[in-house]
Amino acid sequence: MTHTATEEPGTSLPLRHRSIAIGAGSLAVLLGALDTYVVVSVFTDIMATVGIALNNIQQVTPIVTGYLLGYIAAMPLLGQASDRFGRRLILQLALAGFAIGSIVTALSTDLTMLVTGRIIQGVASGALLPVTLALGADLWAQRNRATVLGGIGAAQELGSVLGPLYGVLCVWLFGHWTAIFWVNVPLAIIAIVLVQFSVPAHQHDPNRPKVDVVGGALLAAALALLVVGLYSPDPKVSALPEWALPVLIGSGVAFLAFILWESRAKTRLIKPEGVRFGPFFAALAASLAAGAALMVTLVNIELLGQGVLQMNKADAVFLLSRFLVALPIGAVIGGWLATRFGDRIIAVVGLLIAAFGYYLISGWPVDVLDAVHNFGLFTLPRLDTDLVVAGVGLGLVIGPLSSAALRVVPAAQHGIASALVVVARMTGMLIGMAALGGWGIHRFYQNFDALAAKEPKPTGKPNFMELQMRLLNRSITAYSEMYSEMFAITAIVCVIGAVIALFIGSHRKAGNEAQ
């Protein structure tokens, strides 16, 4: 039976009140997104504070991964909690937790305390995006929802883009990396006040779902073990860590336990009544594919700049700006287009555009900075154009996929549905970083050794400068081949995501929903 959503009370509020409420939520999303990657630009400063040598930079990666894992682990439970206790309360509690995590991080003198603070921040931030997405779904009917959700997604992407720059700015203004986190405290307090006066109060409903703590914990354990099992600390030796098999089996067992629990429990993450699971799972799977493509780009374009184009770190980071600027622009455009042409067609077209962009990137020559696309009457720089195409394509799908998932669940479960969409995307990002990252570096060493085997052995007394030049050229070629393979795989992932997006359902409004 086709599900028909009922009108939420919030859709009858004046547009001005709804816009202020969603603006306050979007500011909270922006604040959380800024802190996801803010530490990347100040790694060396943090290492000096906690006593880690510069040649052991891998020891501080838990500062980022701990935040992301906390973010993912908490999201389903907090999303469902917002269905039970209301958007306003959960947003305010999350912002308070975010401020506490920021204080712990700012006071850190060792790595353990620092990672603890970041995990607290991540857990708190796990509520901000899905609850704001659910708030948008509560306040806007289906026809106009994708535009609002695309705008919220754009705030998330803008925060991720500005995070590293925000970190540099705070250090420049205040002189120390801890200022990044101290600044969060008054900003979080301001956001709490804005939410109090703009987000509608919770309407008590005895039929609202209870919180499935056991199911949320099992899902969090499955996701955490999956990432740990895919992350290789020494990709030169192996694309997967030596503990991969038992940990991945543990992830599978936890996921199986989650499924069994959900099939028998009275309180579930998503109550099956009124949910169209086919389109819902299609939206989740397409979101996972988009997330994997996003993280592969975020990580590897910068590394390509350093390894192939021989740029310094600052220039390599700037190289990624073409993609990062295009992403939120695509999110806004995608939400607007989806209200006119439907979620499915925009999601499919967006993923196909992204696939085409990655196909173009996979063909980059070593001298891509000098390469152009010749269209006869005019030319376009190849690197800039290809990154913009991929960024716009991925941005287009953010609003439609969220809207499609929310459309096929009852309004009482918008919080958990939004959370699962974001979890799918973030899981794709972590899998993309762990699996393709480890595999990619492993392939680099394979390519490097294969090129070395093909080179003629030097005769006579070796020339040091000549050997150094050979080594550099071999390294550049091996990196170029590796990134070509990686982005070709990313293009295939996007095509698979586009095929899956065909099943997210039509955009036609539910029979009794107000517009």
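Yeah, the Cβs are placed from backbone N, Cα and C, and that goes for glycine too.
Automated prediction, rather than curation, is the source of TrEMBL annotations.
Taken from TrEMBL, the feature transmembrane segment covers 20-40 (among others).
Model confidence over the domain 'Major facilitator superfamily (MFS) profile' (21-509) stands at 83, taken as the mean pLDDT rounded to a whole number. Annotation source TrEMBL lists domain 'Major facilitator superfamily (MFS) profile' at 21-509.
Annotation source TrEMBL lists transmembrane segment at 60-78 (among others).
Annotated transmembrane segment per TrEMBL: 90-107 (among others), in sequence order.
A Cβ distance under 8 Å defines the sequence-distant neighbours of the transmembrane segment (119-141), meaning residues of its chain 6+ beyond its ends; these are 7-8, 10-11, 13, 18, 21-22, 25-26, 28-29, 31-33, 35-36, 66-75, 78-79, 81-83, 87, 90-91, 93-98, 100-102, 104-105, 148-149, 152, 156, 199-200, 402-403, 406, 411, 414-415, 417-419, 421-422, 509, 513-515. The feature transmembrane segment is assigned by TrEMBL to 119-141 (among others).
TrEMBL lists 148-174 (among others) with the feature transmembrane segment.
Among the features that TrEMBL reports, transmembrane segment is placed at 211-231 (among others). Within the chain, the transmembrane segment (211-231) has long-range Cβ neighbours (under 8 A, six or more residues past its boundaries) at 65, 69, 72-74, 76-77, 80-81, 84, 240-241, 243-245, 247-248, 250-252, 254-255, 257-258, 261-262, 265, 267-269, 423, 427, 430-431, 434-435, 438.
Per TrEMBL, the feature transmembrane segment maps to 243-261 (among others).
Taken from TrEMBL, the feature transmembrane segment covers 281-304 (among others).
The transmembrane segment feature in TrEMBL is assigned to 316-338 (among others). For the transmembrane segment (316-338), the residues of the chain that approach it from at least six positions outside its boundaries are 146-151, 153-155, 157-158, 160-161, 164, 294, 297-298, 301-306, 309, 346-347, 350, 383-384, 387-400, 403, 507, judged by C-beta separation under 8 angstroms.
According to TrEMBL, the feature transmembrane segment maps to 345-361 (among others).
Annotation comment: TrEMBL describes 387-409 (among others) as transmembrane segment.
Per TrEMBL, transmembrane segment is recorded for 486-505 (among others).
If you look at the transmembrane segment (20-40) against the transmembrane segment (486-505), you find fewer than three C-beta pairs under 8 angstroms, all six or more positions apart, and that falls short of contact.
Contact count against the transmembrane segment (148-174) (Cβ pairs under 8 Å) is highest for 387-409, out of 281-304, 345-361, 387-409. Of the Cβ pairs linking the transmembrane segment (281-304) with the transmembrane segment (60-78) and spaced 6 or more residues apart, fewer than 3 are under 8 Å, so the two regions do not touch.
Same-chain neighbours of the transmembrane segment (387-409): 3, 5, 133-134, 137, 142, 145-147, 149-151, 153-154, 157, 270, 274-276, 279-280, 282-284, 286-287, 290, 293-294, 297, 301, 320, 322-335, 337-338, 342-344, 346-347, 349-358, 360-361, 417-418, 420-421, 494, 501, 504-505, 507, 510, counting only residues six or more beyond its ends whose CB sits under 8 Å from a CB of the stretch. Residues of the same chain lying 6 or more positions beyond the ends of the transmembrane segment (345-361) and with a Cβ under 8 Å from any Cβ of it are 146, 286, 289-290, 293, 330, 334, 337-338, 382, 385-397, 399-401, 404, 487-488, 490-492, 494-495, 497-498, 501-502, 504, 507.
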